[in-house]
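Peer 1: Below are the structure tokens for one structure; questions will follow.
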Amino acid sequence: MTAEERRNLHAFRDYVIKTLDPAYILSYMAPWFKDDEVQYIQAEKNNKGTMEAASLFLKCLLELQEEGWFRGFLDALGHAGYSGLYEAIESWNFQKMESLEEYRLLLKRLQPEFKTTVNPNDILPKISECLISQECEEIIQICSNKGLMAGAEKMVECLLRSDKENWPKTLKLALETEESKFSQLWIVDKDVELKVLEDEEIETSEVQIFYKEEPECQNLSQDPCPPSVASTCTPLKPRNYQLELALPAKEGKNTIICAPTGCGKTFVALLICEHHLKKFPQGQKGKIVFFAIQIPVYEQQNSVFSKYFERLGYKVAGISGATSENISVEQIVENNDIIVLTPQILVNCLRNGTIPSLSVFTLMIFDECHNTSKHHPYNMIMFNYLDQKLGGSSDPLPQVVGLTASVGIGDAKNTMEAMEYICKLCASLDTSVIATVKDNLEELEEIVYKPQKFFRKVESRTTDRFKCIISQLMRETESLAKNIFDELGTITLENVSQIQNRNFGTQKYEQWIVSVQKACMVFQLPNKDEESRICKALFLYTSHLRKYNDALIINEHARMKDALDYLKDFFTDVRAAGFDEIEQHLTYRFEEKLQELESISMDLSNENPKLKDLSFILQEEYHLNPESRTILFVKTRALVDALKKWIEENSELSFLKPGILTGRGKTNHNTGMTLPAQKCALDAFRTDGDKKILIATSVADEGIDIAQCNLVILYEYVGNVIRMIQTRGRGRARGSKCFLLTSNADVIKKEKLNIYKEKIMNDSILSLQMWNEAVFKEKVLQIQIQEKNIRDSQEKVELVPDKENKKLLCRKCKAFACYTADIRVVEECHYTVVGDAFTKCFVSKLHPKPKSFGHFEKRAKIFCARRNCGHDWGIHVKYKTFEIPVIKIESFVVEDIATGAQKLYAKWKDFPFEKIPFGSPEIPE
């Protein structure tokens, strides 16, 4: 046997374990198995069951070193009657056996009915060819000794293990011949649709949302036709369900279009826009704005709209945060018929008056409109719209259309609460129509494919020496932090006493670290030097605890090696920075354990069992379909990097050549992907056949068109019902599958809850669609009036700018930085400090990525000048003819000079001090 054959048998072991009863072939394996092994396997079957015995048998089989055992195993399968398993292993093609899985699941669900309605003695002669001869004998014996129901149970057990491709149809014929009532339930003439959700290790769930692979004529993220013939390209033909979705909006009604991911909502939007632009009489023109939240989605939709409408003679332009710095938004809006925007651009323009009113537009389309809530830019735009509507303005308002795969239900627990939630979304978007596919549902179902959904509970490590060592280092670090407060006697810091109540390696522990850091940043003592020492020490201890916590999360879901590399990189950075006494001690303690950690991480017995399951799924799916395209969703960027390294370094998976896709935002310890890097990753996944898998965070679960994807894996990844529908919708090709892999039963419960919430959402939409439209409009209006009253009352109690002078202190070491009286506002949103005194408080280093934006030329980064601090305070820029620092409020603590009280602010807009524009004449610059 070759090493590859051994690996293959190991990779496909699940099929063997689910099919084989080793008791039937042990006698044929006598030349290779010792007597005590045979007895052990038989005892395992008697005590624990057939699958456990098959697992033990396979383990013993794979440990054999004698020549000829593999051939002997195949021969044993043939002699015993396992012809299907024999054929699958000989060719390493388990597709026929995989096709039986849906029938096994159906038979499991129907087992109670089977054993009460089927007489096994009547149908056994007709299905015996599908069973092992010994199984037939056992069924007859059980019927005789224990009765027909027990015999029927045994028959189901044997059929569930059958490897014969034709057993479902053979059973159907047998049932029909005997005129069994059960034949009405046993459907094999067409694909089985499972309608029940049960608590099994692997199961398929019913979800009444559909996904498909876009036919070439509607794959709007690709070129609809070659550029050379763009002007003569035949217009795309809409389907009936797309016309149904577009109809209310084409009639001029404000509409939310709720339809499955992949059904062509973008094309529906194109139909609405085209109709809207053509309806205006001569001398009048429409103007459309299309909003996309995510930059990759913005790029995609901008391209789609440009290609579609330029052939019709309309002008299309796009503006995002990345492109808005050097262009006039006002001119772009003025000179184009359709403008594709990221929404914050319009929020800024409405705020600064560049665009005076939404009345310049005749139609606004909100992609992923379920985000219209709280302080999201969509809601900021609609606040402006509703203020105009409810304020009695005579200026015309644009029509509003929202697109989404799921309106969501928030925290609703029943249909009534869900209807209220959806009504609030409609009020936020001023819509009174929710368009879904109803009249043409059959057409939708014919061309849109459901991905099979599987829940797979996987095991964590039973022992974890790596976690023990890191946890001990964390306990020591916590102890050092607590010792500081023991020195203070009665003075305590909120939250520190609760350290021992937190579990290491969890998001909850991360949240505790953040709360402690916030508390210690505003902690005060009469002795300011002592206060600075304590705050700096706590900052260092909690920062190290965060890194250890991150490493434990990586260790839990990826390799120990990746978690250790993450820590080694961190301590390398620590050495390269200030490296004060505390950091030296913490680094020394880590390095004391480093050799042991290295040894543990290289020990193959410590391999993460979760990765074994993930590897099995990937190998299995790519063996069945080598052209598979996969998106692997994970929770954090650190996990994206770790799993990419694991795949690249795994000889059985490296052929997948993984790409990654993460968000652009920056967290405390990770920098996101740049826009060009995101575009490059998406383009490579779409066009490069060698790039077979994309590892992504949530940035890919909304709106990005990746139509080729046929396998979605959610790796310890679950969110709300909207995210569930959106993410599952990424698997849009025919025969697509979606796996949820988790070691946490609560994650599976949450996903099942999401499925339940999805049903509530669909029921609520149907109920609202039955309302009289005038009643719906009145309901929406009342909600709008209530919400506006709340907004207005909140605006009235907003704090008046505080004119009292305050101090800004370094958030890390509490060193004095400047007074608020010396802060100036540059172009409404940037903050600088005037006067020579501040220049002595910071040091600067050349910026690693210097660039220009607007009137600013970014040149350097600035840091706290106190020895061994070096906290990041902001940047140094050239602004017009001035060389000025630009500071960020999240780097400082604000101290009231009179009372000594200290506060933290995350954003400048939340800090109510008197904001003086840069260059004011009363104070010379």
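Every residue gets a Cβ built from N, Cα and C, even glycine.
Annotations for this protein, taken from TrEMBL, read as follows:
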{"type": "DOMAIN", "residues": "246-425", "note": "domain 'Helicase ATP-binding'"}
{"type": "DOMAIN", "residues": "610-776", "note": "domain 'Helicase C-terminal'"}
{"type": "DOMAIN", "residues": "794-925", "note": "domain 'RLR CTR'"}
{"type": "BINDING", "residues": "CYS810, CYS813, CYS864, CYS869", "note": "Zn(2+) binding site"}
Peer 1: If you count CB neighbours within 10 Å, which one among the binding-site residues CYS810, CYS869 has the smallest count?
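Peer 2: So among CYS810, CYS869, the binding-site residues given, the one with the fewest Cβ atoms within 10 Å is CYS869.
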Peer 1: If you count CB neighbours within 10 Å, which one among the binding-site residues CYS813, CYS864 has the smallest count?
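Peer 2: Taking CYS813, CYS864 as the binding-site residues, the minimal 10 Å Cβ count falls on CYS813.
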Peer 1: Starting from the Zn(2+) site formed by CYS810, CYS813, CYS864, CYS869, give every other residue of that chain whose CB sits within 8 Å of the mean position of their CB atoms, in sequence order.
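Peer 2: Nearby residues not in the site list: SER532, LYS536, ARG811, LYS812, LYS814, ALA815, ALA865, ARG866, GLY870, HIS871.
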Peer 1: Go ahead and report the DSSP secondary structure tallies for the domain 'RLR CTR' (794-925): helix first, then strand, then coil.
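Peer 2: Looking at the domain 'RLR CTR' (794-925) with DSSP, the answer is 16 helix, 58 strand, 58 coil.
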Peer 1: Can you check how the pLDDT averages out over the domain 'Helicase C-terminal' (610-776)?
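Peer 2: Here the predicted model's pLDDT, averaged over the domain 'Helicase C-terminal' (610-776), is 78.
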